[in-house]
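A.B. asks: From TrEMBL, for reference:
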| type | residues | note |
| --- | --- | --- |
| DOMAIN | 40-472 | domain 'Citrate transporter-like' |
| REGION | 295-320 | region 'Disordered' |
| TRANSMEM | 21-43 | transmembrane segment |
| TRANSMEM | 49-68 | transmembrane segment |
| TRANSMEM | 75-95 | transmembrane segment |
| TRANSMEM | 196-220 | transmembrane segment |
| TRANSMEM | 331-364 | transmembrane segment |
| TRANSMEM | 376-395 | transmembrane segment |
| TRANSMEM | 416-433 | transmembrane segment |
| TRANSMEM | 462-486 | transmembrane segment |
| TRANSMEM | 506-524 | transmembrane segment |
Amino acid sequence: MIKRKKRSRRIKTRTTMALAATYKIVLGSIAFAIFWVLAVFPAVPLLPIGRTAGSLLGAMLMVLFRVITPDEAYAAIDLPILGLLFGTMVVSVYLERADMFKYLGKLLSWKSKGAKDLICRICLVSAISSAFFTNDTSCVILTEFVLKIARQHNLPPHPFLLALASSANIGSSATPIGNPQNLVIAVQSKISFGDFLVGVLPAMLVGVSVNVLILIIMYWRLLSIHKDEEDGTGEIVGEDDVSSHRFSPATMSHISISNSMDHVQISPNNINGSLATHLDSLRNRVNSGDQLEIQRSPCGSIDTNDIPSPPQFSEEKEPKTEHWKNKMWKLCVYLVTIGMLVALLMGLNMSWTAITASLALVVLDFKDARPCLEKVSYSLLIFFCGMFITVEGFNKTGIPSTLWNFMEPHAQVDRVSGIAVLAIVILLLSNVASNVPTVLLLGGRVAASAAAISASEEKKAWLILAWVSTVAGNLSLLGSAANLIVCEQARRAPQLDYTLSFWNHLKFGVPSTLIVTAIGLTLIR
């Protein structure tokens with residue numbers, strides 16, 4: 001109890017920080033503004049360097065402008081968060097190799113009973129997979145499956161794409177490993193995996209259910225007609241084709257998504273060609289890998305010289321011993337993943353648990369791990385490093401503290417009006433400044449304010465921050481990376497392409513976000 005009081009007093013001191021010297025306020029604000037612009041609009045015409053380089057630029061400017069010292073900049077980098085992020089990405093790579101996501105795709109179309117049943121399945125599978133394998137990964141993996149299923153059943157794609165993206169965001173709120181902002185919250189708050197899950201899970205389950213109802217009500221008529229009546233096309237896709245693609249989740253899970261800006265009618269100049277190139281190269285790798293893979297090779301790398309071209313080989317033609325070795329290896333991957341989740345639920349250190357699980361998979365694979373490790377999104381890890389430094393520098397200016405001191409009396413979590421005000425602030429900031437910077441800016445301050453009331457209120461404040469900042473991503477197409485990944489993947493899917501427009505998303509996103517957020521807030525414990 002004494003330690004908790006000391007910790008609360010220390011956080012409180014930080015939140016009541018006075019404004020820094022004028023030059024630090026001005027220069028720190030300029031550095032943060034540059035970071036924000038490049039994070040939200042990575043292909044801004046004046047400086048199209050992307051969000052990763054933008055975060056490093058913001059961090060460097062904070063040091064050059066002497067807002068923070070080099071030592072303070074290094075200290076601002078949160079290694080446990082980076083370790084947890086790295087570990088979960090490596091585990092995702094091995095799960096992809098073990099066909100986990102192919103089975104999820106098959107589950108979507110298995111004995112389907114119509115459009116409304118499909119919507120429910122997509123929401124459920126998307127939410128559960130996002131809770132344990134991150135929302136962005138689930139969207140990368142499942143988008144093309146969803147398009148194929150919609151085409152197979154002659155149904156309009158956009159309700160299903162909205163179901164996938166929105167449920168991925170809602171589902172990811174339930175666990176610390178569901179999305180990057182939850183990683184930050186779990187590490188900073190010291191809330192255990194089990195407590196986090198118990199605190200948010202009821203809100204997540206009800207939120208997904210309400211989201212399904214809103215989708216069905218809004219698109220009832222559209223789901224009751226065939227796609228060929230809607231747009232004159234009725235191409236059927238074979239059931240085997242629905243699960244015929246392989247993806248690389250970790251490589252794509254945090255891709256630069258600014259290329260979608262052109263298609264959400266924000267600014268036709270804000271186009272990042274790197275995403276298109278990346279998607280094309282990935283798709284080429286995927287398609288060639290499907291045609292040529294005879295047996296399991298390290299992380300899907302294939303020597304095409306050893307394989308005769310035209311025929312596509314099936315698993316039955318493998319040697320029996322190789323077939324069983326493959327089965328046993330997949331079983332080991334699933335057992336290690338389950339072991340990781342059990343260890344997290346037992347309250348073991350989340351970062352080291354994820355890293356241990358990832359290294360266990362590397363050792364069990366008994367092959368050169370380089371191809372798998374190359375699929376990790378190192379640009380995301382670097383982006384986080386730059387963002388930690390930039391946000392720490394902006395905090396040093398005293399501006400966030402001053403603004404929070406103004407809002408604090410109206411945003412207390414022990415009363416309904418205070419929770420409502422806090423939720424609105426988080427909702428707006430998450431859509432303007434993005435959810436991870438919002439958590440970094442508000443987290444300590446909201447927790448300190450709640451800790452002054454009681455320890456249980458402090459925990460509740462962290463969970464409210466996790467819930468609202470995550471569900472806020474459903475408000476608009478630009479609200480989360482998961483939305484834009486679905487939009488871009490759908491637009492570039494071969495022979496299945498579909499453009500999910502900004503306004504189509506907004507018409508569903510606004511009511512869904514407000515209703516789901518409000519209902520979830522009553523269930524956070």
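Placed from the backbone N, Cα and C atoms, the Cβ positions cover glycine too.
How buried are the listed features, and what sits near them?
C.D. replies: Counting only same-chain residues 6+ beyond the ends of the transmembrane segment (49-68), those with a CB under 8 A from a CB of the stretch are 20, 24, 27-28, 30-32, 34-35, 37-39, 42-43, 76, 256, 258, 272, 274, 379-380, 382-390, 392-394, 396-397.
For the transmembrane segment (196-220), the list of distant contacts is 116, 119-120, 123-124, 127, 131, 156, 159, 162-163, 166-167, 170-171, 173-176, 182, 186, 345, 459-460, 463, 466-467, 471, 507-508, 511-512, 515-516, 519-521, 523-525: same-chain residues at least six beyond its ends, Cβ to Cβ under 8 Å.
Among residues of the same chain six or more beyond the transmembrane segment (331-364), those with a C-beta under 8 A of the stretch's C-beta atoms are 79-81, 83-84, 86-88, 90-91, 94-95, 97-98, 100, 132, 176-177, 186-187, 192-194, 197, 372.
The list of residues near the transmembrane segment (416-433) in space but at least 6 beyond its ends in sequence, with Cβ under 8 angstroms from a Cβ of it, reads 36, 40, 407, 410, 441-442, 446, 461, 464-465, 468-469, 472-473, 475-476, 478-479, 513, 517-518, 521.
Listed as Cβ neighbours of the transmembrane segment (506-524) (distance under 8 Å, sequence separation of 6 or more from its ends, same chain) are residues 162, 166, 170, 199-200, 202-204, 206-207, 210-211, 214-215, 218, 419, 423, 427, 460, 463-464, 467-468, 471-472, 474-477, 479.
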